[in-house]
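As given in Swiss-Prot:
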- 1-483: domain 'SPX' (DOMAIN)
- 90-110: compositional bias 'Low complexity' (COMPBIAS)
- 161-196: compositional bias 'Low complexity' (COMPBIAS)
- 211-228: compositional bias 'Low complexity' (COMPBIAS)
- 244-264: compositional bias 'Acidic residues' (COMPBIAS)
- 319-336: compositional bias 'Basic and acidic residues' (COMPBIAS)
- 337-349: compositional bias 'Low complexity' (COMPBIAS)
- 536-556: transmembrane segment (TRANSMEM)
- 573-593: transmembrane segment (TRANSMEM)
- 622-642: transmembrane segment (TRANSMEM)
- 654-674: transmembrane segment (TRANSMEM)
- 703-723: transmembrane segment (TRANSMEM)
- 738-940: domain 'EXS' (DOMAIN)
- 776-796: transmembrane segment (TRANSMEM)
- 803-823: transmembrane segment (TRANSMEM)
- 854-874: transmembrane segment (TRANSMEM)
- 887-907: transmembrane segment (TRANSMEM)
- 942-951: compositional bias 'Basic residues' (COMPBIAS)
- 952-970: compositional bias 'Low complexity' (COMPBIAS)
- 977-1003: compositional bias 'Polar residues' (COMPBIAS)
- 1013-1022: compositional bias 'Basic and acidic residues' (COMPBIAS)
Amino acid sequence: MKFRDLLNDHIISHWRDKYIDYEYLKDLIDREYHNAPNSLNNSMMIDMSQSINNTIAEQYSVNDISSMVTKGGINDSPTTDIEVDETADSPAIPSPIISHSNINSNNNNNGGTNSVGFSHLHRQLNRQNSNLKNSSNSINLLKADDSNNIEKHVKSYFDQRNNNNNINNINNNNNNNSNNSNNSNNNKTIKNTRNIIADDDGGNEDTTLGSPFSSPSIGSPPMSSPSPKMLKQELHSPLLTSEKDEDEEEEGEEEEDIEMEQLELDDHDKNTTINMTANGSRGNLRKGMNQFVKTIPQNIKQLNSQISNSFLKFGGMVKGDKSNDKNNDKSNDKNNNKNNKNNNNNNNLNDEDNFDMMTSQIEKVLNNKDNMKLMESCTFTTKENFQTAFVDQVNKVDSFFVERYRKTKEKCVELCNMIPFLSTNEQLRTIRNIEFVKQGFQDNYHYLESLEAFKELNIKGFKKVLEKYEKKNRIISSECRKYLENTRIFENDSPVRFLSHRIKHLYARYFTGNDVKLASNQIKTYAEDERFQKYNLFTIGLLIGVCIVLGIQVVFNYYYYYPHEQPPIDSPLAWLLFRISLLPILLGTMFSLMSFIWEKSGINYVFIFEFKPDHKRSPGRYLKYGLIFNTLWLLALNLYIDSSSHQNTTRYLILIPIVFVLITLIIGIQPFPIMAHRTRFWVLKKIVKVVSAPWVPVRFPDFFMSVQLLSLGEFLFNIQSMVCVFNYSALDPEEVKFCSQSRFFALPVLNALPYWWRVAQCFRRYYETRQFFPHITSAIRSIFSIIALVLNYIALEYSQHDWSIIKIAWFGINVVGSFYKFYADMSVDWGFFNNYKTNPAWPLREKLVFKKKWIYYVAITLDFFLRFTWLIIFSIRKGSKHRLDNPLFLFFFSLTEVVWATQFIFFRVESEHVQSPDTYSSFQDIPIPFSQEYNNYMDEKKKRRKRKQKQSKSNNNNNNNNNNNNNNNNRLHHNDSSNNVETDETITSSNNTDSSHQKQPLTHNRHHNHNHNHQDHHDLSINDHMNPDTGDINFDSKIDYKDDEAYNLRQSSLRTSISRNASHVDLGRVSSHNDLNISRG
């Protein structure tokens, strides 16, 4: 069985967000090693210390390069990461500190690629020229005036190197000449962080920085010219410009705008990428850059020497040559060092000045208003990798597990303290209170079992992921396994099992007469047994079959036996009663289906609706009761239709729907504990709270109930408005009678009451929170309905024309109100269409419960259609003489209201869940029925404990004083030992007598205190679980989860080890990549 299926089968719905994200970790593994090591489709990380010196590798001998490759770098200093991406057109100039440009592999027609990494450079040097071992010439800039001159420069380069191997005595002059030539190159302005360089005269030349081995290989086709896109993205970076260049440009020409596509800020373990798009604000970029500037003094000082030297060499500002020629004389080395130092002092900045220069250039970039026009957006993204995601997932599971264990332990201690409280209080020692304590032990035992299953399932998932990752990277996998084994969820001695064992024995001691076997049977999970589930399933299936049969019979009798031409006299009222009674039945049935989906999808609807968590509930049971009422409704309707075909019974037909409504009301309000009495009472309480608005606080269940009442009012209001407002003179007699009800003042008032209750709730919420959105925004939605209802009444009462001013106003209010209601449904209640600029998932939310987004788009479309259903009815009314009071038409219209209310509540609960996942997965305490008395008892107990501690302290002080007196007397006795023996014996006997008299009050005092605290003797009846210091039941043991400093240090060191090994492994994987090999010339 796959772990994915195992996780879905055993997951606890309201803990769904706390489990291991197995699919996410698997996707990271597949994404990180997709087709590796044969392609570079994904972005990888390499060491800056190695890639940045790629162009100066010729300064070192082959032996030195080999030693560096084996050691993994030039030195052991921290490294800066740059991103490798093969989508660009040409190799880039890595700019340290701020912009780490992309180093790319540019494939030519013959497959030639550029090289990155010392290992391939080492092999290529051996292939090209075995005589380069003694070379010490500095790197020359290969200046490509056009693509045809590349091979000439390469040949001249090798000729020069071969000549230098034969003439060792003139190395010093060559070094000086090369330094002077490189110093002259400092006047060049690097215009693009890729490969576009500007000459002093402002002309653009396509140049390649570095050695011939970083350019296209010998024998390959000429290098193509820069693409128009690259030329368009030319920039003048002040970070790559010396002070001399800046002075010249201030005199001669203006600085060009800076266009940055990507800034990578490296903060050791945190790699932050700043991406600029066409939209955004300058403040975001300034904020991000300032945040990075603050980290420079901490991180860059360690890297400044190496990176700045490499940067200066890479940009043409050469500090000097590192000569590794073993055959050179010591005098030549000294001369070279002196000359190099002189050149460095004259032409370059020291490390501190270089650091100050770079920070000042950052500020210059931020303060340049013209350049900021091209950097209008800045978003921070964190690069994803497996090791970081794995550590985050482990920490999430571990912290949640330990937190819930400690919460459960606190509840167990509280329940144990209730036992002596109830044993001494006869008035509160009722069956209900005793059952509360017993149920509390059972709930905590079941909760601990769930925690243990949660731990085992997550550990199994982590092991599965590590086994998969071990095939790709054994080093990092072993480090991650060490980190997992050091967490608290991986401990062998589980405190959860110990606490479960203690709860079981306490339950056996106080509730089953020390019968542990009986306690085990009673304390097990309280879920419905298989027999009850099978009974529910059988009943549901039977009721569904009965409903289908009765529904078919109703349709058949209505078409063939119902008198359509001469219906009963009271048929409009009868059909209205049937429709009104059907709406709450269908809403209750749909709620049972919604609760089933919520439970399966992990939405904690129990907490959102504020149901009591200690009550047993099942969506199947709700569905069963809903189907029972549906069956009764279909029976009554079938009886009415069948009886209407007989003329003798038509006079009494109105009694059938009336009796059915009365029976339904009686069942709903009857006080006996049958037919889900807790749910029925909960509904009645919420209806009372809705009616009491705005004088009572409003919670989410009250909002839910007001929506249910709104669906009834919306139904009555829409039907009467559409049928009666227009073409009143052309209505049939039955329709006129139907519309006359709307002209009665009481009916519009009744229709407006649900809207008024909803407005009152919104204003109450605004009074409590002072938030205009979403409370006043939601109230406006109901205000539109009230205004339309008032205009409807006025139009029926005073206007007889088709298009009077009042009717036009009514029509306009309905159109505007429908659009606004749709917007409020989406934005206020479902959380859609919000934050266009910052929400990447617009028009949806960022957090969604269901992964298939088409579900939400279907819901949006359906809500829009249902909000404009009145317009469809209006079109039918104006375009035909179809009777809109037809029972079948009104029945289907009522179904649309049920669909709207069901869909609205379903996604409203889903939005409420995802917007506050931490709140709705929190630990909820069941209220104590005797909380006030118990709190008073605990307060008195704390006071007695404090008095007892004070007494014990005073007694200890008295004992210490007595002991000091005895010691003083003993010293006197030893000092007077020269006297006669009789005196000595007398003093000693008197001291012993005094000592005995001083100790007896302490013993008496202890006995007195024990008698004085005899009222606490009931606490000692469970002395095997008592804490001798506090008097509370003790659940502490040596086996417990700790958050000490040693544990945190171990975790921190393991995280550092994972990060260090990951950087080395990534470097080795990239440097050994086949796509990075240099093709032979």
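Using N, Cα and C of the backbone, Cβ positions are placed for all residues, glycine too.
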Would you say the transmembrane segment (622-642) and the transmembrane segment (536-556) are touching, if the rule is that at least three C-beta pairs must lie under 8 angstroms and be 6 or more residues apart?
yes
The domain 'SPX' (1-483) [mean pLDDT, rounded to integer]:
55
So, by DSSP, how many helix, strand and coil residues make up the compositional bias 'Basic residues' (942-951)?
10 helix, 0 strand, 0 coil
Which sequence positions outside the transmembrane segment (622-642), separated from its termini by at least 6 residues, show Cβ-Cβ distances below 8 Å to it?
536, 539-540, 543-544, 546-547, 550-551, 553-554, 557-558, 561-562, 574, 578, 581-582, 585-586, 588-589, 591-593, 595-596, 653, 656-657, 659-660, 663-664, 675-676, 679
Residues sitting near the transmembrane segment (654-674): Cβ under 8 Å, six or more positions beyond its termini, same chain?
568, 570, 573-574, 577-578, 580-581, 585, 629, 632-633, 636, 639-640, 643, 680, 683-684
In the same chain, which residue numbers or ranges, 6 or more beyond the ends of the transmembrane segment (887-907), come under 8 angstroms Cβ to Cβ?
558, 571, 575, 579, 582-583, 586-587, 590-591, 594, 597, 704, 707-708, 710-712, 714-715, 718-719, 825, 829-830, 856, 859, 862-863, 866-867, 869, 873
